[in-house]
Amino acid sequence: MEMKLPGQEGFEASSAPRNIPSGELDSNPDPGTGPSPDGPSDTESKELGVPKDPLLFIQLNELLGWPQALEWRETGSSSASLLLDMGEMPSITLSTHLHHRWVLFEEKLEVAAGRWSAPHVPTLALPSLQKLRSLLAEGLVLLDCPAQSLLELVEQVTRVESLSPELRGQLQALLLQRPQHYNQTTGTRPCWGSTHPRKASDNEEAPLREQCQNPLRQKLPPGAEAGTVLAGELGFLAQPLGAFVRLRNPVVLGSLTEVSLPSRFFCLLLGPCMLGKGYHEMGRAAAVLLSDPQFQWSVRRASNLHDLLAALDAFLEEVTVLPPGRWDPTARIPPPKCLPSQHKRLPSQQREIRGPAVPRLTSAEDRHRHGPHAHSPELQRTGRLFGGLIQDVRRKVPWYPSDFLDALHLQCFSAVLYIYLATVTNAITFGGLLGDATDGAQGVLESFLGTAVAGAAFCLMAGQPLTILSSTGPVLVFERLLFSFSRDYSLDYLPFRLWVGIWVATFCLVLVATEASVLVRYFTRFTEEGFCALISLIFIYDAVGKMLNLTHTYPIQKPGSSAYGCLCQYPGPGGNESQWIRTRPKDRDDIVSMDLGLINASLLPPPECTRQGGHPRGPGCHTVPDIAFFSLLLFLTSFFFAMALKCVKTSRFFPSVVRKGLSDFSSVLAILLGCGLDAFLGLATPKLMVPREFKPTLPGRGWLVSPFGANPWWWSVAAALPALLLSILIFMDQQITAVILNRMEYRLQKGAGFHLDLFCVAVLMLLTSALGLPWYVSATVISLAHMDSLRRESRACAPGERPNFLGIREQRLTGLVVFILTGASIFLAPVLKFIPMPVLYGIFLYMGVAALSSIQFTNRVKLLLMPAKHQPDLLLLRHVPLTRVHLFTAIQLACLGLLWIIKSTPAAIIFPLMLLGLVGVRKALERVFSPQELLWLDELMPEEERSIPEKGLEPEHSFSGSDSEDSELMYQPKAPEINISVN
């Protein structure tokens, strides 16, 4: 029997709600453009043009000791931004009480331990859902209820024909009883009377201080709403009483909820005593229903009882039933690492609920929509000269003021610290290598100055200011080859290099004018991973190589080694210093003659020898045998400490704020730890060397390079040939890095600037060539580290929920400050000289390992060493045979090995062509692998994307709901796959 209030029809909605302030309603009648009930991310909601529905918090309360000591206890629940309170009212005979709450996942109050349990996935009994449906079908349904207080709301839901005035008064007094929350003191605190309610005062309507200061409030996002579910057994009720209310405007219902939030929903489930936990389980079922995003989306738009029941039926169709005896219902299922997508549930909901539909996308289309450059407006040809450059400028100018204002955040400070140290280390490392490769024509000072000038200019004018310019391994290889060529043909190196730079700038400008950057659409994951793996291996190789070189500078002293002998000579009548000099080195360790005044220094250390008036003699007197081992200790300490601190963010230790701080400043803390350890022991480890004088490394040359010098004029024309190869290298290096940084899964809002970036690099090539400074291009690893240090994640995270990736903090200031500090480092030598070089080498190793471990290529290499039964459940292994996966990985390994061999041999002059050849190899793979396999192993090229329907991929992967695994994982929102530890 449906119970209605007198005059209920006056406020029961006949259409979708109109007064929801969060704007959930769809004003567009077009069913193809409506909001999605999924709402897994704010970004998707913005793409659809509607706000996201609020999160749902659910709280379960229990009444103890009725009627002598009326007291409510919370048992609770919450889901993303709707707060629900569920009060459970047992009868006189019920003395036990349960405490639960849901903040996206269920938490149970451990009464004995006095704490909340770990969040877990709630499980329900199927009969409780069926009984709940029956009770709601026969109960009271009020939509757009105008109640403005708890008293008005209680009067509305209890004004039913089946209740006598006396029972109605008792029930109202019970519902108006102030609940006893977990964080409050015990004792009965009645709200508004005992048997008959009275008008509430302003103080009684105001939320309590405990509600406003509840720590749980910080875990709920702004705009969160509350819903209340009251369920329980009352002996004085003769028949069940059910009511579901949706308030027209959200209202704060006094101290009813644990957290002070405006309430939107109210559900009442009462009835006479029954065996078991019938109403308790029905209350849990109602709370779980309201925490479900699909049900919540439907009930917000429901216009009558039929819509409400249809939403519940849709939920029942999605329920998974576990057979009895095969699963313990009391077992707690831990939260998944990544929440499943709701897209696969759309078809069933669209069949049941009248409302805006969501257009269906095939998984293939969606995969490319989230690809690195699919449908990117920056990569569309305009057909005009410099058309792409003009479009990039027009696109970036409106964002220019915000590029500086968005940097006013503490996170940017930590990013500056780490990227500055990484940039300085890179400048010193590559400056030293460049000095060795060019016999001092360029050195550390030129590296510092060039990094500061080129990097700062690029950050101010580039289309993607998050890019960090630096010397790179491939460009260094080309510089070495160019210097060797100049020396072999007796050419003046810097003037010849100037003409090469002029030609490179010219070729790059031609590429900009002809919009050649649109060719990056052919740079698929195969090319990106090959290049990224090569750069990461260069970082690892250089870090380990530099560390091993320290063992030559500071050799390890082995016991009994004759090369490190040390004797103490005492002046005396028989002492003959000339005899020591004439003694062969191999025989000096055997000389322990008092006639010569010599004593083995192992018995008398050199400082003691000097104090007693002797003279230490021998090559081992001034050798500190611990430097090599201690440098290795600093190297490994900085590496492992940075890795450990980065992993703290996802660990169980410390509060979330502390974990995030340690993770953000992991590299800086690792460097400080290494410096402190070095200062504590006081060993003479090699320190960071910063130039102290502002003058060119090569004596006798000025800051401007003469165009000709001693070279014949025709060499200025011949320089075009090596410049062509270098242009290919610059284009590939710059654009591959740009493609990686501008992938759509990074959720960049300000757009890319492929043409503008290449134009800036061309101008800087001309400037650095004229000043005799190193050439600079986008540094893949450091740029990725820069972006990773600026990751934005949601602050409000429910217990058990991982922070949602929101995007990157896009701005220009961090890079600009980094390069200004790099230039000023020449004047910071008194401070920087205390940083040990092994510590910086450890950070270099850390960056290379983190970048290498974050790409899919590395995971596929691991599969080569795993038996099939121990392999992880990767999505690609469900759709591609394992032998085909191994074949694809083997081809990538062969290409990577070939690139490394060519880079390390005199044939490195063709290294740029080999990078370009990666695109050709990927194109040839279309003859070896099917489009279906390439779709999962790599990405399809533009021609393959257009032919997807023709090749039959769409029917196989179409989103039909039957293949739940594909549908869920294909639409799974993911953060960028880079895990480079930065600050």
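Please read every residue number as a count from 1 along the shown chain.
Cβ coordinates come from backbone N, Cα and C, glycine included.
According to Swiss-Prot, the compositional bias 'Basic and acidic residues' annotation covers 946-957. What Swiss-Prot records for N183, N576, N600, N979 is N-linked glycosylation site. Look at Swiss-Prot and you will find 1-48, 186-205, 332-357, 946-983 tagged as region 'Disordered'. Sequence annotations record features per position, and here Swiss-Prot assigns region 'Membrane (anion exchange)' to 415-983. The transmembrane segment annotation in Swiss-Prot covers 415-435, 443-463, 500-520, 530-550, 624-644, 665-685, 712-732, 758-778, 815-835, 837-857, 899-919, and the record cites sequence analysis as its basis.
Relative to the transmembrane segment (665-685), the listed stretch 415-435 leads the set 415-435, 443-463, 500-520, 712-732, 758-778 in CB pairs under 8 A. Beyond its flanks by at least six residues, the transmembrane segment (530-550) meets 429, 472-473, 627-628, 631-632, 635, 686, 732-733, 736, 740, 780-781, 837-838, 841-842, 844-845, 847-849, 851-852, 855, 857-858, 892, 895-896, 899-900, 903, 915, 918 of its own chain at Cβ-Cβ distances under 8 Å. Within the chain carrying the transmembrane segment (443-463), a Cβ under 8 angstroms from the stretch's Cβ atoms is held by residues 392, 395-396, 423, 426-428, 430-432, 434-435, 469-471, 689-691, 693-698, 751-757, 760-761, 764, 767-768, 771-774, 776, 812, 815-816, 818-820, 822-826, all 6 or more beyond its ends. Each of 415-435, 815-835, 837-857, 899-919 was scored by its Cβ pairs under 8 Å to the transmembrane segment (758-778), and the highest score goes to 415-435. Comparing 712-732, 815-835, 837-857, 899-919 for CB pairs under 8 angstroms to the transmembrane segment (415-435), the maximum falls on 815-835. The transmembrane segment (712-732) and the transmembrane segment (899-919) are in contact, since at least 3 Cβ pairs between them lie under 8 Å (pairs 6 or more apart in sequence). Long-range Cβ contacts of the transmembrane segment (815-835) within its own chain (Cβ-Cβ under 8 Å, at least 6 residues beyond either end) map to 416, 419-421, 423-424, 427, 445, 448-449, 451-453, 455-456, 458-460, 465-468, 671, 674-675, 678-679, 687-692, 694, 786. For the transmembrane segment (899-919), the list of distant contacts is 473-474, 477-478, 480-481, 522-523, 526-527, 530-531, 534, 537, 722, 725-726, 728-729, 732-733: same-chain residues at least six beyond its ends, Cβ to Cβ under 8 Å. Looking just at the region 'Membrane (anion exchange)' (415-983), the mean pLDDT is 77.
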